[in-house]
Amino acid sequence: MIFGELRRLYLIIGVMLSYGLDELIPKTRLTLPLRLGRNLLFWMPNNHAQRMLGERLRLALQELGPVWIKFGQMLSTRRDLFPPAIADQLAMLQDRVQPFDGALARAHIERSMGQPLETWFDDFQQEPLASASIAQVHTARLKNGQEVVIKVIRPDILPMIKADMRLMYRLASWVPHLLPDGRRLRPVEVVLEYEKTLLDELNLLREAANAIQLRRNFDGSPMLYIPEVYPDYCSETMMVMERIYGVPVNDVAALEKQGTNMKLLAERGVQVFFTQVFRDSFFHGDMHPGNIFVSFEHPENPQYIGIDCGIVGSLNKEDKRYLAENFIAFFNRDYRKVAELHVDSGWVPPDTNVEDFEFAIRTVCEPIFEKPLAEISFGHVLLNLFNTARRFNMEVQPQLVLLQKTLLYIEGVGRQLYPQLDLWKTAKPFLEEWIKDQMGLPAILRALKEKAPYWAEKLPELPELVYDGFKQHRLLQKSVDRLTVEMRVHHVRQSQSRFLFGIGATLLLIGTFLMTQGADEGSLPAWLMAAGTVSWIIGWKRTA
């Protein structure tokens with residue numbers, strides 16, 4: 001470690017100990033050096049002993065800064081790593097930090113655009129509209145009068161991220177050596193997944209492309225509106241998009257005051273999620289309340305507004321089909337089908353004992369279904385499923401973890417808006433219709449239509465391909481026949497060699513025995529030994 005890393009590590013240890021996080025260290029023989037080391041750092045007492053452990057962990061991560069805040073937010077979705085009380089506290093982490101100087105933002109914009117800011121924008125507000133750990137947002141107008149927001153990456157964030165990521169990897173590499181269950185948790189993979197997410201958020205060109213894709217997917221939809229992005233003004237560290245006005249989705253009082261149809265709004269949240277996942281295979285992966293607003297227009301026919309598209313997820317056709325069938329099998333309590341789907345999809349190893357897996361799923365999930373369907377959480381069903389599957393060596397599926405996190409957000413918001421929301425009743429027709437569309441006659445006809453141009457292109461080559469196929473088959477058959485003959489000859493030679501080896505060994509033993517007995521047989525022992533040697537040589541040559 002270089003001096004800077006050691007200093008940062010000392011600071012991190014100091015913050016963690018000041019919140020008493022040494023309580024998270026398990027009391028095992030492997031962790032004895034860590035616990036002894038804690039006792040040596042007597043000048044770093046627990047200053048928050050009156051608080052619960054989960055709250056202390058959340059406060060410590062907030063104090064450590066942006067990289068650790070976002071890491072805690074990601075860990076809140078991995079409920080196989082922590083008890084529910086701690087995971088719930090991590091989910092409360094707020095991605096809000098002190099803004100950086102607006103003059104720095106102005107200088108960054110001018111550097112990115114290559115000209116004075118006034119060349120492109122009017123009414124630039126140096127005071128930020130919002131500030132988060134990765135970037136902050138300023139308002140302005142384009143020269144045509146269009147109100148926009150300008151998102152600017154923090155100027156000092158990249159060196160901080162790189163330094164803290166190096167420390168995270170180092171700490172993660174220690175976990176398997178310190179915890180009995182450390183290898184199963186795959187700590188290095190967790191950090192790797194986090195680093196990828198974080199680096200994606202640092203590239204605003206990626207976020208701009210995501211927003212453009214989502215806007216196109218929901219163009220003209222009454223359910224969701226994505227603000228327009230202006231690509232000509234965007235770079236890796238700066239993004240310009242349309243300014244929107246709406247009610248924060250978690251401001252229930254304001255929504256009710258304007259007469260919003262809360263039942264329809266809650267149901268549309270579910271429909272938006274399943275449309276993104278199953279129709280578009282492209283979903284907003286950070287749909288927490290801070291990124292979702294409700295339009296002021298048409299409260300009786302409410303429309304969501306989505307921003308901050310830095311994190312998105314996608315599922316391939318196989319994952320979508322297995323996921324949809326899993327949901328339906330789950331709510332039909334067909335646990336055998338759920339277990340088989342996991343094996344068929346490759347999410348768990350092919351040698352998994354299906355009966356044991358089915359029993360484990362039944363044990364965990366059957367108590368959930370004692371509740372009325374309207375009270376059952378899709379997200380927690382998925383969470384229990386993944387946690388059970390991990391005990392059967394399910395590989396970490398980043399796209400499914402992100403989907404589960406997003407589903408929990410959607411459920412939480414939906415039930416906050418309309419507590420009687422029946423998620424299953426809203427989602428089941430959508431899932432059943434999607435499966436029927438994917439597996440019925442329309443799906444076959446659609447596949448034929450998609451493949452038709454390719455087949456038409458290859459049709460003139462078909463006679464030649466058939467001829468080449470027959471020719472290759474003939475050549476292969478000749479090779480097989482020749483190989484069969486060679487194997488038979490080799491087998492005969494091996495049999496003869498074994499026979500000659502046996503004769504040679506017998507003659508040598510008899511000749512040696514007669515010679516050691518001193519029998520008066522003249523030159524017979526020598527002749528026997530010579531014959532045995534010749535037999536060995538002939539047998540050896542046949543094997544060569």
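Glycine residues also receive a Cβ, built from the backbone N, Cα and C atoms like all the rest.
For the ATP site that Swiss-Prot gives as LEU129, ALA130, SER131, ALA132, SER133, ILE134, ALA135, GLN136, VAL137, the extra residue drawn from LYS143, LYS151 is LYS151. Listed in chain order, the residues near the ATP site other than LEU129, ALA130, SER131, ALA132, SER133, ILE134, ALA135, GLN136, VAL137, LYS151 are PRO99, PRO128, VAL152, each with its Cβ within 8 Å of the site Cβ centroid.
Neighbour density around each Cβ, counted as other Cβ atoms within 10 Å, peaks among the binding-site residues LEU129, ALA135, VAL137 at ALA135.
Residues LEU129, ALA130, SER131, ALA132, SER133, ILE134, ALA135, GLN136, VAL137, LYS151 are the ones the record ties to ATP, and the longest Cα gap between any two of them is 14 Å. Residue pair SER133 (ATP binding site) / ASP286 (active site, proton acceptor) shows a Cα separation of 15 Å.
The Cβ neighbour count for SER131 (ATP binding site), using a 10 Å radius over every protein chain in view, is 17. All protein chains considered, the CB of ASP286 (active site, proton acceptor) has 23 other CB atoms within 10 Å. Cβ neighbours within 10 Å of SER133 (ATP binding site), excluding its own Cβ and spanning all shown chains: 22. Cα to Cα, ALA135 (ATP binding site) and ASP286 (active site, proton acceptor) are separated by 15 Å.
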